[in-house]
Amino acid sequence: MEIEHYNFIKVWILAIISLCYCYYISSKLPKGIFKLISLTPIFIFFLYLPLTISTAYLAGITAFFLSWLANFKLLLLCFDQPPLSPPPSNLFHFISLASLPIKSKQKTPSQNKSQQPQRSILFAIKVLILALLYHCYGHKQNLHKNVVLVMFCVRIYIELELALALAATLARAMFGFEIEPQFNEPYLATSLQDFWGRRWNLMVTSILRPTVYYPIRRISTRLLGSRWSSLPAVVAVFVVSGLMHELIFYYMTRVAPTWEVARFFILHGVAVVAEVVVKKVVPDKMRLHPVVSGALALGFVAVTAVWLFLPQLVRNGVDEKNIGEYSKLMDLIKGLLPF
């Protein structure tokens, strides 16, 4: 396990060196094809790096941060698009924005102060729930398999939220960034559109809009007109997201894709499109109450996740490996602490 964490550190040292090159190139070349060609080796390198890590959760984190987010941000940089353009004056700011799932925002002190206690309480509750889930995993042989699966779903969400919150906290502490939240209480969603567009993994949403949604919408506007131009763009976003999730699952399992995860996202893309169409043609007074529509949306997410999203992870024992790897990581961290 210690050797694996050494490999993880080595991978990130190589990633930082690569981003130093990107920072230098971005100031020397104009936007367009030449900058794209100059950064293409980095795109390929960032796709390769997770393959050098065998631990599932470390490979998954690296793939998400580098193979997906960093590559997409660097692609936008090639055409002088945010968040890396204009390039930050500080190299460390550039590396942080490129490699971590963070997005800086304008400071709103009064709003931050009012929301901080509530976020701290919710954070503490989620940590307690996660600790309880890990405790229950020690007795899962006595639990029904569906209960274990629900526990796994909840654990994935909390672990992902806490990991992204930790990355944002480190960036705030080291560089003084004001960070956009990664999640916006997705369990309070009122529709699928609300869940995916405004509540779940907002860093992915913000990076898929300029790289996929806006270009496809511009093209479809010419073909379908402005009223329906968003529909192909929405489907395209979910297709790309599905493919990227298949890639991350491959890094974690090293098993050939079964395309269940891609089908999960395509199905949700079609469902969101249907929801958008209904909202356009059905008057407001005839729509479902937000509480009802939200419950239906969350139920749809849960059922389809059990059907298509989770089986590949469970089938390849990622949940079991994650528990063991997490325990070893905690033991390693405790051994490094001076108290």
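Note that Cβ sites are derived from N, Cα and C of the backbone, with glycine treated the same way.
Predicted automatically and left uncurated, TrEMBL annotations should be read as such.
Of the candidate ranges 63-80, 261-278, TrEMBL annotates residues 261-278 with the feature transmembrane segment. Taking Cβ pairs closer than 8 Å, the transmembrane segment (261-278) reaches residues 191-193, 196, 230-231, 234-235, 237-239, 241-243, 245-246, 249, 287, 300-301, 304-305, 307-309, 312 in its own chain, all 6 or more past its ends.
Beyond its flanks by at least six residues, the transmembrane segment (7-26) meets 35, 38-39, 42, 45-46, 49-50, 52-53, 55, 58, 62, 66, 70, 74, 77, 84-85, 87, 91, 94-95, 98-99 of its own chain at Cβ-Cβ distances under 8 Å. Remote same-chain residues near the transmembrane segment (120-137) are listed as 143, 151, 154-155, 158-159, 161-162, 165, 185, 323, 326 (criterion: CB distance under 8 Å, separation of at least six residues from the stretch ends).
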